[in-house]
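**Q** Positions annotated as N-acetylmethionine by Swiss-Prot, on the basis of similarity to another entry: Met1. Per Swiss-Prot, [4Fe-4S] cluster 1 binding site is recorded for Cys8, Cys22, Cys25, Cys31, and the stated evidence type is sequence analysis. As annotated by Swiss-Prot, ATP binding site applies to Gly62, Lys63, Gly64, Gly65, Val66, Gly67, Lys68, Ser69. The [4Fe-4S] cluster 2 binding site feature in Swiss-Prot is assigned to Cys235, Cys238. Here Swiss-Prot flags Ser319 as phosphoserine, drawing on a large-scale study or a structure entry.
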Amino acid sequence: MEGAPHGCPGADSAQAGRGASCQGCPNQKLCASGAGAAPDPAVEEIREKMKTVRHRILVLSGKGGVGKSTFSAHLAHGLAEDGDTQVALLDIDICGPSIPKIMGLEGEQVHQSGSGWSPVYVEDNLGVMSVGFLLSSPDDAVIWRGPKKNGMIKQFLRDVDWGDVDYLVIDTPPGTSDEHLSVVQYLAAAHIDGAVILTTPQEVALQDVRKEISFCHKVKLPIIGVVENMSGFICPKCKRESQIFPPTTGGAEAMCQALKIPLLGKVPLDPHIGKSCDKGQSFFVEAPDSPATAAYKSIIQRIREFCNSRQSHDENLISP
């Protein structure tokens, strides 16, 4: 919109013409009427771009601190263990990008090529993109309103040159915010396989996961399943399991049974996970015999099977 004020929510936003920043704008009445809204041409551009990506997976969480970014990183690592599988990891946690640190890519920068932004590669078959690569320092704060965040996500989806990719893993911020709405809107025409939702066993975390599940239902986003992280601690010496965060209401298992949502698995606590993330290395390499590694591998296999079954179903619908 010409003459739009700073903080403009955009003509296609639910707050168009009604937000606080709209007061005094010459376009306020036009936006409020809905006449100024028009289909975003970026949606079609992104659909074309995503034709080279076979599967798209969102990783969500109701709360911060439940291990969502750690899971996203290790999901990407696990999928990429097959050298013939091309994997991309996109970090859209705009205000809290931790993927560069976890993947050992701090200090890397984005490079522009003739076909778009080039991802930063961990391995030949594992590329990463994050707003963290655009910051001069990892300690810099990103203080952006919704429209600017949405523009950044649009640019990531439209302008990053992933090439032919089997899996695109998208790490999102906690909760249900502008970033989630934007990525679902922009990828709607391109098809999203589904979402993996992270939680811990406590009811205070599960309460927000129920909101996340409600969000998925409202925006028609398929749910691959729930992962219960920090599910227990297995002593490396005696092999006995202790509940560090005991589930007060039955944990993720009881919630999934009540809501008829698949429980993909439970990942126990392992001190090596945090150490691996701090060093920017794969936990699977650091602790291949850990019960947490076995839990991760089982969960990743279930996600892979879900995506393959969705692809087979879609191909059957398309075939004559």
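Think of each number as a place in line: the chain as shown, counted from 1.
Every residue gets a Cβ built from N, Cα and C, even glycine.
Where in this structure would I find these features, and how exposed are they?
**A** With a cut-off of 8 Å between CB atoms and residues at least 6 apart in sequence, the same chain places Pro174, Leu198, Thr199, Thr200, Ala205, Asn229, Met230 near Val66 (ATP binding site), listed in sequence order. DSSP classifies Val66 (ATP binding site) as coil under the three-state reduction.
Other Cβ atoms within 10 Å of the Cβ of Cys235 ([4Fe-4S] cluster 2 binding site) number 9 in total over all chains.
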**Q** What is the Cβ neighbour count of Lys68 (ATP binding site) at a 10 Å cut-off, with all protein chains included?
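**A** Taking all protein chains shown, Lys68 (ATP binding site) has 26 Cβ neighbours within 10 Å.
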**Q** Return one of helix, strand or coil for Cys8 ([4Fe-4S] cluster 1 binding site), based on DSSP.
**A** coil
**Q** Taking every protein chain in this structure into account, which of the binding-site residues Gly62, Gly64, Gly65, Gly67 has the most other Cβ atoms within 10 Å of its Cβ?
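**A** Top count of Cβ atoms within 10 Å goes to Gly62.
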**Q** Please identify, among the binding-site residues Cys8, Cys31, Cys238, the one with the smallest Cα-Cα distance to Lys63 (ATP binding site).
**A** Cys8
**Q** How big is the Cα-to-Cα gap, in Å, between Cys22 ([4Fe-4S] cluster 1 binding site) and Cys235 ([4Fe-4S] cluster 2 binding site)?
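**A** Taking the Cα atoms only, Cys22 ([4Fe-4S] cluster 1 binding site) lies 58 Å from Cys235 ([4Fe-4S] cluster 2 binding site).
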**Q** For the C-alpha pair, I'd like the distance in angstrom between Gly65 (ATP binding site) and Cys8 ([4Fe-4S] cluster 1 binding site), rounded off.
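**A** With distance taken Cα to Cα, Cys8 ([4Fe-4S] cluster 1 binding site) is 31 Å from Gly65 (ATP binding site).
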**Q** Do you know which of the binding-site residues Cys8, Cys22, Cys25, Cys31, Cys238 has the most other C-beta atoms within 10 angstroms of its C-beta?
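**A** Of the binding-site residues Cys8, Cys22, Cys25, Cys31, Cys238, the most buried by Cβ count within 10 Å is Cys31.
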